[in-house]
Amino acid sequence: MLPTTLVNSGSQGNGVLSRRDAARHTAGAKRYKYLRRLFHFRQMDFEFALWQMLYLFTSPQRVYRNFHYRKQTKDQWARDDPAFLVLLSIWLCVSTVGFGFVLDMGFFETIKLLLWVVFIDCVGVGLLIATLMWFISNKYLVKQQNRDYDVEWGYAFDVHLNAFYPLLVILHFIQLFFINYVIISDSVIGYFVGNTLWLIAIGYYIYVTFLGYSALPFLKNTAILLYPFALLIMLYLISLACGWNFSKMLCSFYKYRVK
């Protein structure tokens, strides 16, 4: 049985948290605790973070079930352990170096590519998407009868990281084995394989994002987050008909950015 009463241990007689305990549950206090743990690797649970990465591919629902347990035991939806972020950063560095090697980039070009992927593709886009989803979910998806609940910004960013990891593995690792010999070629099979990998990666991102917000019991109409699937499939079919090669365009863009 889950220890769901932990969050109320410092409550007063009327069930309201004391001023001291309430301060510990503010967004600023949670953020400070999270950032402080970034410098204490021994306090991070890397084994559990690896478990989450595995199940994001095989059973992402189980990952979000754990977020629900965290809310019951620690009174927050967002992660309080930065181990997942640290492992994602390491994987991002390794896969980007591999990408630079496959594209025959030099040392400094690879470093530039790494900085771009980390601070723009992952962090920059992640901050933008998380903020947008945080605003939309709190503005339009929260149930009327549960106005006291809201989506934590940290949770919105965690959902992005969860969805970004499978996309990263597909486009920055699995795709590497096909780029030089299949995808970059001007053949039909080239842009078919490349665009299909993009379809799977972005489709997975949409699906994991949907699971993240549908796991929150105080949100409604989360099925609308699946609507971009229709646009994604339409764009995929158009790309095949027109011969657009998204992977080849990405490689050309990366080479242009590191010059």
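All positions are counted from 1 along the displayed chain.
Using N, Cα and C of the backbone, Cβ positions are placed for all residues, glycine too.
Noted in TrEMBL for the protein shown:
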- 1-15: compositional bias 'Polar residues' (COMPBIAS)
- 1-22: region 'Disordered' (REGION)
- 83-102: transmembrane segment (TRANSMEM)
- 114-136: transmembrane segment (TRANSMEM)
- 163-184: transmembrane segment (TRANSMEM)
- 196-219: transmembrane segment (TRANSMEM)
- 225-247: transmembrane segment (TRANSMEM)
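The list of residues near the transmembrane segment (225-247) in space but at least 6 beyond its ends in sequence, with Cβ under 8 angstroms from a Cβ of it, reads 175, 179, 183-184, 188, 190-192, 194-199, 202-203, 206-207, 209-210, 213-214. Using a Cβ-Cβ cut-off under 8 Å and counting only residues 6 or more beyond its ends in the same chain, the transmembrane segment (114-136) has close neighbours at 88-89, 92-93, 96-97, 99-100, 151-153, 156-157, 159-161, 164, 168, 172, 209, 213, 254, 257-258. Beyond the ends of the transmembrane segment (163-184), by six or more residues, the same chain brings 53, 56-57, 88, 91-92, 95-96, 98-99, 102-103, 117, 122, 126, 190-191, 193-194, 197-198, 200-202, 204-206, 208-209, 212, 245, 247-248, 250-251 to within a C-beta distance below 8 angstroms of the stretch.
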